[in-house]
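Residues or ranges marked as domain 'J' in Swiss-Prot: 4-69. The zinc finger annotation in Swiss-Prot covers 167-242 and rests on sequence analysis. The annotation repeat 'CXXCXGXG motif' is assigned in Swiss-Prot to 180-187, 195-202, 217-224, 230-237. Among the features that Swiss-Prot reports, Zn(2+) 1 binding site is placed at CYS180, CYS183, CYS230, CYS233, with the record citing sequence analysis. The annotation Zn(2+) 2 binding site is assigned in Swiss-Prot to CYS195, CYS198, CYS217, CYS220.
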Amino acid sequence: MADDYYQTLGVDRSASAEDVKKAYRKLARKYHPDVNPGNKAAEEKFKQVSAAFEVLSDTRKRKLYDEFGPDAEKIGFDEKKAEAYRAYKASAGSAGAGGIPYGAEGFDLGDLFGDLFGGRGGGAAGGAPGGFDIGEMFGRRGRNAGPERGEDLTVRVQLTLAEAVSGTERPLAFNRPGRCSTCSGRGTSGPVSTCNVCNGTGRARRSGSLFGGAGACPNCHGTGKAAPPCPQCGGAGVKEELARLTVKIPAGVHTGSKVRLSGQGAAGTRGGPPGDLYIETEVAEHPLVRREGDDLHLDLPVTVSEALLGADVRVPTFQGEVTVKVLPHSQSGRRMRLKGRGVPSLKGGAQGDLYLHLQVKVPEETTAEARAAAEALARAYQGDVRRELTL
């Protein structure tokens, strides 16, 4: 089973959103790649922490995770279908009955795909005990219907802020419904003939059905035609496969940005075209740099003498080091703007800026020399510096 996200962040399952955020920030600062350059273990831990925060910081994702566990994050997961399927499994008296939150017996997505694609349960005809048709419940058309386009898929990718600013290439490996090689996606393994259950009418009475009366024939799904199902895919025309590809992430993405890869989604059924693949980015917080839109903000420490007398200071940026001039008599909190040193615009506009916020740092140890300098400096002030401090 996948790592427990609550354990990864070190919080209770009842933790508030603020507690989750505090735990994430603490761990992100500890394991961030910029703080641990070249440390693969820290990098892997940072990815785990970011993945846990992505789910537990989102109310809807957290609800699904609490109810269905890690299966809710898998490609192709559909909450409504999962709820309906679990209710069906419970009514059929199967193990792992519905209504049990994740953490007890859990929810098995494998059962869902197995029954849909003929792995077990639903079988080639797509039927179920009591005349209940899983295929119709999930909106699946008959295996002899026309070609259907495959579903669009979404894969989430974790990025550092540096990768989001500069752009990157990322190798991906993920599971997706691929075209069955045995039947070339048709779902059948023999000639099409008149359905022997409904005699070509497409309608059949179902004894023991949930609503009674006649409905779409469970054998041909209302088409009136039938053919032997493919033994490999159970008539679905698709089988799960491991896909590998490299995706180029453009500079300027933010959390929630999507990169579309045409034709890289789920395979179409019965020879239909494949869906698209969407790469959704999740940009981790940086321990030092804050992002606001396309602008970046960085606190710049300076010494007392640099603030008083002025100085040329080296500053790291995502585009390389630059030298900035700190003006004499600069106060703590003074803001300096570096034009075009922020985040590129995804819309093709001007690049954002980098804002430096001066932070005057005093010595951490008071030596005799420092004390004498401070006493001499105190005499340079003109009156009480707090004389205008009124409420």
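Glycine too: its Cβ is placed from the backbone N, Cα and C atoms.
Positions of Swiss-Prot features highlighted on the structure.
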| residue | record | CB count, 10 Å |
| --- | --- | --- |
| CYS180 | Zn(2+) 1 binding site | 23 |
| CYS183 | Zn(2+) 1 binding site | 23 |
| CYS195 | Zn(2+) 2 binding site | 23 |
| CYS198 | Zn(2+) 2 binding site | 21 |
| CYS217 | Zn(2+) 2 binding site | 25 |
| CYS220 | Zn(2+) 2 binding site | 26 |
| CYS230 | Zn(2+) 1 binding site | 24 |
| CYS233 | Zn(2+) 1 binding site | 29 |
Could you state the whole-number distance in Å separating the C-alpha atoms of CYS183 (Zn(2+) 1 binding site) and CYS217 (Zn(2+) 2 binding site)?
23
DSSP says what for the repeat 'CXXCXGXG motif' (217-224): how many helix, strand, coil residues?
0 helix, 0 strand, 8 coil
CYS180 (Zn(2+) 1 binding site): which of the binding-site residues CYS195, CYS198, CYS217, CYS220 is the nearest Cα neighbour?
CYS220
With DSSP as the yardstick, break the zinc finger (167-242) down into helix, strand and coil residue counts.
0 helix, 29 strand, 47 coil
From the DSSP assignment alone, can you count helix, strand and coil residues within the domain 'J' (4-69)?
48 helix, 0 strand, 18 coil
Surrounding residues of the repeat 'CXXCXGXG motif' (180-187) on its own chain - C-beta under 8 Å, 6+ positions past either end:
143-144, 229-233, 235-239, 267-272
Applying the rule Cβ within 8 Å of the centroid of the Cβ atoms of CYS180, CYS183, CYS230, CYS233, what extra residues of the same chain belong around the Zn(2+) 1 site?
SER181, THR182, SER184, GLY185, ARG186, GLY187, THR188, SER189, PRO229, PRO231, GLN232, GLY234, GLY235, ALA236, GLY237, VAL238, LYS239
Return the member of CYS195, CYS198, CYS220 nearest to CYS233 (Zn(2+) 1 binding site) in space, with distance defined Cα to Cα and candidates limited to these binding-site residues.
CYS220
Please report the distance from the Cα of CYS195 (Zn(2+) 2 binding site) to the Cα of CYS230 (Zn(2+) 1 binding site), rounded to the nearest angstrom.
16
